[in-house]
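Working notes for the structure below.
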Ligand code: FPP
């Protein structure tokens with residue numbers, strides 16, 4: 001079975017799950033974190049090389065203060081408690097997003113986890129935190145323009161690979177498979193450039209109910225799709241293109 005080299009997940013539906021149980025939205029985030037922990041290990045043990053989780057978007061800052069604060073506490077706690085486990089599982093941790101908006105204690109926990117797992121060679125685990133793809137693209141355009149202004153880069157030399165390497169996801173390969181839970185079928189400002197040829201898997205399952213079985217289903221659907229990258233190709237050529 002062909003496995004995606006990079007899975008990106010929009011973990012949606014925590015609030016609705018909690019509401020259905022007549023509990024506060026934050027209860028859904030706590031359960032959602034447990035599910036994320038499990039799925040990270042499942043991906044790692046299945047030999048997935050890269051996993052990006054959309055944990056907090058730039059738009060999420062507009063949520064009620066109490067919810068934002070709880071999400072930050074969850075992240076800090078997760079990193080403090082889980083880093084040893086990540087090392088044990090040979091998982092390297094990093095983040096993408098606007099770190100300057102993240103509270104100092106969470107930033108410290110992120111830095112510590114990144115440093116402690118820097119030597120790990122298994123799964124490359126990326127949390128998208130305070131992340132928005134339009135902001136990321138805007139930042140990369142600004143960086144490229146500055147290089148041009150300094151005379152380090154000629155305008156005619158700007159190509160896709162220059163843009164690619166100016167994005168925060170570099171050098172992680174583009175996601176082969178993007179999963180979104182909870183029935184919503186949109187990207188919500190997630191990896192817009194990087195998703196150009198991604199396969200999408202949408203499921204009605206709310207993130208706190210997402211299991212290893214749902215992951216398996218997504219992987220099976222992915223394996224059954226023929227990726228043509230806009231071309232007409234024979235199977236062996238498709239295989240080669242994706243390698
Ligand atoms: C979307 O559900 C989920 C989020 C905005 C936060 C996702 C964060 C977690 C699952 C915790 C992640 C933590 C780690 C450590 C990976 P929603 O609140 O938008 O749900 P709704 O659409 O039903 O309201």
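Note: Cβ is positioned from N, Cα and C throughout, glycine not excepted.
According to TrEMBL, the protein carries these features:
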- 12, 199: Mg(2+) binding site (BINDING)
- 12: active site (ACT_SITE)
- 13-17, 25, 29, 57-59, 61, 63, 180, 186-188: substrate binding site (BINDING)
- 60: active site, proton acceptor (ACT_SITE)
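Counting every protein chain shown, the Cβ of residue 29 (substrate binding site) has 23 other Cβ atoms within 10 Å. A Cβ distance below 6 Å to any atom of ligand 1 is met, among the recorded positions 12, 29, 60, 187, by 12, 29, 60. Calculated from their C-alpha atoms, the gap between residue 58 (substrate binding site) and residue 12 (Mg(2+) binding site) amounts to 15 Å.
Candidate recorded positions: 29, 60, 61, 180, 187. Nearest to residue 12 (Mg(2+) binding site) by Cα distance: 180.
The binding-site residues recorded for this entry are 13, 15, 29, 61, 180, and the Cα of 180 lies nearest to that of residue 199 (Mg(2+) binding site). Here the CA atom of residue 187 (substrate binding site) lies 14 Å from the CA atom of residue 60 (active site, proton acceptor).
The most densely surrounded of the binding-site residues 17, 61 is 17 (count of other Cβ atoms within 10 A of its Cβ). Just so you know, the Cβ of residue 60 (active site, proton acceptor) picks up 16 other Cβ atoms within 10 Å once every protein chain is counted.
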